[in-house]
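Peer 1: This is the structure, below, for whatever I ask next.
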Amino acid sequence: MNFNLSKEHIMLQQMYKDFAEKEVKPLAEETDEKEQFPVETLEKLKRYGFMGIPFPKKYGGEGGDILAYAMAVEALSKVCASTGVIVSAHTSLCAAPIYEFGTEQQKEKYLIPLAKGEKLGAFGLTEANAGTDASAQQTTAELQGDYYLLNGTKIFITNAGYADIYVIMAMTDKSKGTRGISAFIVEADTEGFTIGKKELKLGIKGSATCELIFENCKIPKENLLGSEGKGFKIAMQTLDGGRIGIASQALGIAEGALEETINYVKERKQFGKPIAAFQNTQFQLADMYTKIEAAKMLVYKAAFHKENKLPYSKEAAMAKLYASEVAMEVTTKAVQLHGGYGYTREYPVERMMRDAKITEIYEGTSEVQKMVISAHLLK
Amino acid sequence: MKIIVCIKQVPDTTEVKLDPKTGTLIRDGVPSIINPDDKSGLEAALQLKDEVGAHVTVLSMGPPQADLALREALAMGADRGILLTDRAFAGADTWATSCTLAAAIKNLEYDLIIAGRQAIDGDTAQVGPQIAEHLNIPQVTYVEDLKLQEDGLLLKRSFEDGYYMVKVKTPCLITTLKEMNEARYMRIGGIFDAYREKEVDIWNLKDIQIETSNIGLQGSPTKVKKAFTKGAKTAGKVYDVAPKEAAERIIEKLKEKFII
Amino acid sequence: MNNKDYKGIWVFAEQRDGEIQKVSLELLGKGRELADILKTKLTAVLLGNDVKKVANELIYYGADEVILVEDKLLNLYVTEPYTKVMTEIIEEKKPEIILLGATAIGRDLAPRVSARIHTGLTADCTSLEIEEETNNLLMTRPAFGGNLLATIICPDHRPQMSTVRPGVMIKLERDEKRGGEIVEYSSKLTPEDFNVEIIEVVKETKEKIKIEEAEILVSGGRGMGNKENFSILEELAKELGGVVSASRAVVDAGWIERDRQVGQTGKTVRPNLYIACGISGAIQHLAGMEESDLIIAVNKNASAPIFEIADLGIVGDINKVIPAVTEEIRQIKGQEK
């Protein structure tokens with residue numbers, strides 16, 4: 001067993017940190033405050049290869065691996081969780097399914113610009129009445145000659161409005177339940193496709209979350225991803241991968257909160273000494289750090305599994321379950337250690353605590369993760 | 001166009017701390033970086049690569065660990081890395097260093113050599129001009145801006161009180177200032193390339209043509225007679241008091257020294 | 001090489017537009033002291049076009065002799081012609097020590113000359129002494145960001161060359177009664193000696209702030225929080241009749257111009273009063289200001305290294321403490337009126 005990062009990964013870590021500190025961190029507060037999608041950052045992310053980390057060079061990617069991708073989301077989320085999820089949704093939920101299930105032509109047309117960062121990607125599964133129960137899909141796709149006609153509404157879609165390419169789930173055969181779901185690649189400017197209302201959220205406010213509305217939206221037949229009826233499988237496998245991204249995001253948020261807290265407790269004085277001198281503070285920090293390291297092990301292990309083509313569904317679920325709970329716990333403690341200041345926007349831990357909560361919810365709630373994990377145990 | 005960029009791996013001296021008790025340097029855990037002036041030189045070369053497809057070789061003399069600095073340069077986009085390393089090179093002053101680097105450069109083709117103005121651990125600013133002298137080519141130091149022209153380069157050469165616009169024909173050597181540009185980050189795919197696709201060539205003494213009397217400690221006209229730390233200045237009083245009282249303490253001190 | 005064949009101390013008299021640079025006068029002060037110890041001659045070497053009129057100044061500041069090389073081709077500083085002339089006269093006259101200012105000119109010329117004549121060169125010396133037994137020049141310079149000092153010798157090569165940063169040595173009082181000789185030397189330069197072409201010479205017209213000449217510096221670091229907060233320092237500096245300077249971090253962040261930077265990669269200063277605000281005290285910074293007569297540091301971090309060298313330290317919020325000081329001074333001034 002080897003816990004050492006490779007030379008490449010050590011160098012990546014340094015580059016990510018440098019980039020995040022200098023390019024992303026200075027904008028994090030404004031991104032949150034103004035609920036503003038960080039368009040300029042996206043341009044820089046593209047320039048340095050953040051949008052195509054785990055894909056081969058022949059598809060416009062960086063030729064990296066899943067761990068390199070997970071570490072990137074972690075490093076970005078450490079300073080700005082909104083930026084982290086933009087990369088995660090783009091990579092795991094849009095580019096990855098096209099890479100894994102797409103035809104050569106689809107990869108050529110869609111994966112290459114996605115991996116190069118020329119196009120931004122998104123993923124649409126959730127509906128008003130189909131959350132955890134993804135099989136209750138109402139969106140339909142009806143084959144009419146060379147086209148599918150897409151009708152329905154998706155909600156809570158990350159990167160919506162800014163994305164150019166969407167992977168959308170829709171029922172092609174309602175009678176078959178989950179086996180009647182198919183996946184489609186939908187371009188943003190397709191006629192009949194509009195962006196609905198933007199959600200106002202507790203956290204990750206810089207990430208755009210909107211409705212997608214399809215009204216007789218004509219999708220060329222060749223944009224069917226995989227084959228008819230494969231959509232549910234594609235969605236589930238995509239979410240397995242996505243969970244590694246979200247787990248990395250959660251890990252990053254927790255690390256960011258710990259770092260802020262360490263700086264704060266050294267400076268903040270009460271009763272004539274820095275609060276770092278009090279044992280309560282010390283013990284809290286020790287707990288926070290230990291849990292973060294444990295979460296990191298799970299996240300990196302899940303990445304290792306996916307990279308090495310080992311089963312990773314359970315590993316990804318455990319990583320996300322644990323890392324998101326750690327993120328919530330660590331950020332809450334961070335706010336507590338900051339005291340009254342922690343509750344204000346003068347310190348970033350307030351934002352981090354708000355950002356952390358979503359990691360327990362999206363791409364499968366903690367409860368869904370427990371279902372996935374226990375199903376593996378009881379099979 | 002062929003460009004050679006000379007880089008040095010240096011300790012990030014901004015991270016070097018003082019032991020307040022002994023006044024000595026705490027070097028442990030200090031990260032190694034590409035010297036900032038050199039990094040801007042590399043960026044200038046990479047911009048020329050973007051512009052006209054220049055081939056960029058990075059050259060460094062140093063211990064085997066300097067491989068990391070060269071890999072970083074490759075990850076930023078340089079095409080080839082050469083590490084000049086040999087126990088025989090150790091202890092070199094700027095004269096011996098420049099002789100060694102110049103000897104290595106004689107094995108290579110080049111139109112332009114770029115070196116950073118000075119390294120943050122030594123601050124001498126000598127190696128660049130000395131390489132130029134050994135190669136008998138023109139030098140322009142303190143370069144702040146660079147434009148490629150048909151028959152050479154148009155350079156902005158900075159002084160304390162202004163600048164020259166200078167035209168120079170290639171081959172030549174320039175030394176660059178950190179202020180010249182904002183060096184790019186490594187590219188993610190570049191990092192994988194730096195380890196998986198590209199190579200750092202290791203050159204030892206036997207790979208270059210040079211008299212041993214011109215290298216290392218024995219080839220160095222200057223010698224370190226002694227090195228010492230200044231020792232800590234005794235600290236004055238430090239008060240942790242409310243702003244009003246703090247202001248009074250300061251005023252008191254200013255009065256005591258007849259400043260006000 | 002026989003070291004004994006080399007005699008005399010030279011100072012490269014750097015001139016720009018016919019004006020002798022201050023650092024050269026400072027070097028003449030140091031050179032005078034060294035020449036007296038070695039019982040040898042102090043020579044200033046003046047290259048330029050139409051600069052004869054300032055040659056006497058070099059004598060007034062301590063030189064026994066001025067080697068004057070006038071040539072239209074030396075009108076502007078250009079590396080190769082200057083190197084060529086310097087090398088020629090060094091080889092002819094064989095000085096044992098050559099001192100140059102560590103300026104954008106001196107640091108271009110000195111390494112090129114030293115490489116051509118194969119001798120050692122020590123950069124940015126802060127102290128120059130003569131070793132008694134050997135008469136070697138002991139050249140002490142900061143290394144590794146400033147706290148480590150190294151004394152360098154050049155035992156087997158002559159001349160011993162050294163550059164010295166402006167503001168480190170002390171010039172003598174100008175004395176018109178001092179006498180000396182001006183020796184003219186004609187260069188053999190031809191236009192072919194130019195391997196670069198100067199297209200344009202631009203003097204920066206904006207008034208440069210010379211923090212190294214200020215007696216009071218109010219200096220800001222990263223702890224200032226942002227660019228806007230520097231106005232607090234401006235106000236205090238105004239009340240004290242001082243100038244605002246800064247650490248490298250804030251210069252790099254673009255909060256203030258580079259010519260205000262104190263430290264190893266900036267300017268070396270030694271004002272009567274240095275107020276360090278929100279400067280943690282990286283050793284590069286300390287190296288550039290620790291010779292200040294009175295150092296007051298304000299920093300919210302009690303363990304900041306700046307407190308180690310401060311005469312008075314205040315742990316506190318700059319944005320509260322500094323305005324309070326400014327206010328207090330205003331009140332005192334008000335009372336005086």
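The count begins at 1 with the first shown residue.
Using the three backbone atoms N, Cα and C, a Cβ is placed for every residue, glycine included.
In case it helps, TrEMBL gives these features for our protein:
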- C:ARG222, C:247-248, C:261-265, C:278-285, C:ASN299, C:317-318: FAD binding site (BINDING)
- C:9-198: domain 'Electron transfer flavoprotein alpha/beta-subunit N-terminal' (DOMAIN)
Peer 1: With an 8 Å cut-off on Cβ-Cβ distance and a minimum sequence separation of at least 6, pull the same-chain contacts of C:ILE279 (FAD binding site), or say none.
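Peer 2: Same-chain residues close to C:ILE279 (FAD binding site) (Cβ under 8 Å, separated by 6 or more) are C:SER219, C:GLY220, C:GLY221, C:ARG222, C:GLY223, C:SER247, C:HIS285, C:ALA297, C:ASN299, C:ALA304, C:ILE306.
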Peer 1: Near chain B by Cβ (under 8 Å): which of the binding-site residues C:ARG222, C:GLN261, C:GLN264, C:ILE279, C:ALA282, C:HIS285?
Peer 2: C:GLN264, C:ALA282
Peer 1: Check the DSSP secondary structure of C:GLN261 (FAD binding site), expressed as helix, strand or coil.
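Peer 2: In the DSSP reduction, C:GLN261 (FAD binding site) maps to strand.
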Peer 1: Could you tell me which three-state DSSP class C:ALA282 (FAD binding site) falls into?
Peer 2: coil
Peer 1: Tell me, roughly as an integer, the mean pLDDT over the domain 'Electron transfer flavoprotein alpha/beta-subunit N-terminal' (C:9-198).
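Peer 2: Taking every residue in the domain 'Electron transfer flavoprotein alpha/beta-subunit N-terminal' (C:9-198) and averaging pLDDT yields 94.
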Peer 1: With Cβ-Cβ distance below 8 Å and at least 6 positions apart along the chain, what are the contacts of C:ILE318 (FAD binding site)? List them in sequence order.
Peer 2: C:GLY223, C:MET224, C:GLY225, C:ASN229, C:ILE232, C:CYS277, C:GLY278, C:VAL298, C:ASN299, C:LYS300
Peer 1: Would you count the other CB atoms within 10 A of the CB of C:GLN261 (FAD binding site), including those on all shown protein chains?
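Peer 2: For C:GLN261 (FAD binding site), the count of other Cβ atoms within 10 Å is 23.
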Peer 1: If you count other CB atoms within 10 A of each CB, which of C:ARG222, C:HIS285 wins among these binding-site residues?
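Peer 2: Max Cβ neighbours within 10 Å, all protein chains included: C:HIS285.
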